[in-house]
Amino acid sequence: MSSGSNKTPRWRQLIQDNKLFLSNLSYIGVFQILVLVLPLISYPYLIRVIGADLYGRVAYAQAAVAFAIILINFGLNIMATKEVSVHRDEPALLDKIVTKVYSIKTAFFALSMLLYTLSIFYFETFATNRLLFLLSFGYCLPEWLLPIWYFQGIEKMKYMTLIDSISKIFFTVLIFFVITLPDHYLRIPMIQTGGTMIGACVGFLLLFKKEGRRLVRVKISEVIAFIKEAMPFFLSRVSAVTISQLSTLFVGKYLGYVEVAWLDLARKIVNLLMIPGVSINSAIYPRIAHSQSKKLARSGLWVQGGMGLLIYGLLFVFSPWVVRILGGMEMLPAIDTVRFYGLLILLYHINYYIGSPVMIPFGLSKAFNLSVIFSLIVFLAMYIGLYLTQSFSLDLFIAATLVTEMFILCYRAFYCHKHKVFKS
């Protein structure tokens, strides 16, 4: 028998060589699916029980607390993932990274709680739903504790996914038993926080017990340096959340909470359909950061672009059916909103990919940072224009987001082309 007959098939060798990557990708995919699918499972029930108006108020509160969450994370979920990936075989450095991350998160958690509480009691906009806004701050607790950045960096997402899955499923089922009347809408943030908090606490314990990490003494100068390194990622999240959530705040204030419910449905559907792209980004980021492979970066670009086109095409065709299933007859006016907002899928697939997963590993942090800053300026300028002209409509708010994402795409593509990121 010739030696060639014993040769391992190429496809099998490819799987074997990337076993850890594929395993991590599958667990990240499950994690992302649960984060986005479970709220959609309870969504039709909640819309029918509490109505579009009250659900819109809940979504409005979630949009407000999103700004507190980005301050707590401060871009560390991306920055720390990279650092953990690079130093995964150096226990002493891993302990320092863990210490710096939790020191920063704790400080910013306290600051965000203070600023958020003052805002709730100072601004009249929040007066009628003050208790809802206060309860919604609970979403910040798991963001503070959850060490997903560590397990993603070492490419061990198995335990985090299993634990988070069980807790989220349990609390999603609980919604159907404890929310049976419109007045129960205040229980929504409490239940959702509980589901995430259990997973966060167990993950926190796994970090120190199973992984053997410990808090060590670090210099203040090291913490400050870490904050400075995380700044581009923080600005990126500020921009992304502002672009995503400011529209919700404007719609709630100037159009109404029913329109907020329409926009929230569109956003939930788009986020759900972004799961494949986000999962690939999360799994490929530490691999590109570690290998600096232009071939891998180029392959990922083709995959993301193709997926974006396919997924939006399917959404456009099936959006009436999707809206009817999720929201019932009451939400049918949201079909056009879903289709228009869905155009972001095409832009998100490319923008998210050539952002952190590609530009940062290839030394384009400055260009990445500037794309974030300039896009936020463009977005805010458009919203100021809408405010000054009193041009308030759902389509215009969404259009401002689309124009901003197109600007980001052009800016990042220019720098990737200039520095030949995708050319071998």
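Every residue, even glycine, has its Cβ placed from backbone N, Cα and C.
Just so it is clear, the model here is predicted, and its values are computed rather than measured.
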Looking at the candidate ranges 188-208, 251-271, report the one that TrEMBL labels transmembrane segment.
188-208
Residues sitting near the transmembrane segment (338-355): Cβ under 8 Å, six or more positions beyond its termini, same chain?
236, 263, 265-267, 269-270, 273-274, 277-278, 280-281, 300-301, 304-305, 307-309, 311-312, 315-316, 319, 322-323, 368, 371, 395, 398, 401-402, 405-406, 408-409, 412-413, 416, 421
For the transmembrane segment (300-318), find every same-chain residue at least 6 residues outside the stretch whose CB is under 8 Å from a CB in it, and list them.
269, 273, 276-277, 280, 284, 288, 338-339, 342-343, 345-350, 352-354, 357-358, 422
Between the stretches 58-80, 129-150, 162-182, 367-388, which one has more Cβ pairs under 8 Å with the transmembrane segment (394-414) than any other?
367-388
May I ask for the residues of the chain that lie six or more residues beyond the transmembrane segment (129-150) and have a Cβ under 8 Å from a Cβ within it?
31, 57-58, 60-62, 64-65, 68-69, 72-73, 76-78, 80-81, 84, 98, 101, 105-106, 109, 112-113, 116-117, 120-121, 157, 160, 185-186, 189-190, 192-193, 196-197, 199-201, 203-204, 206-207, 211, 213
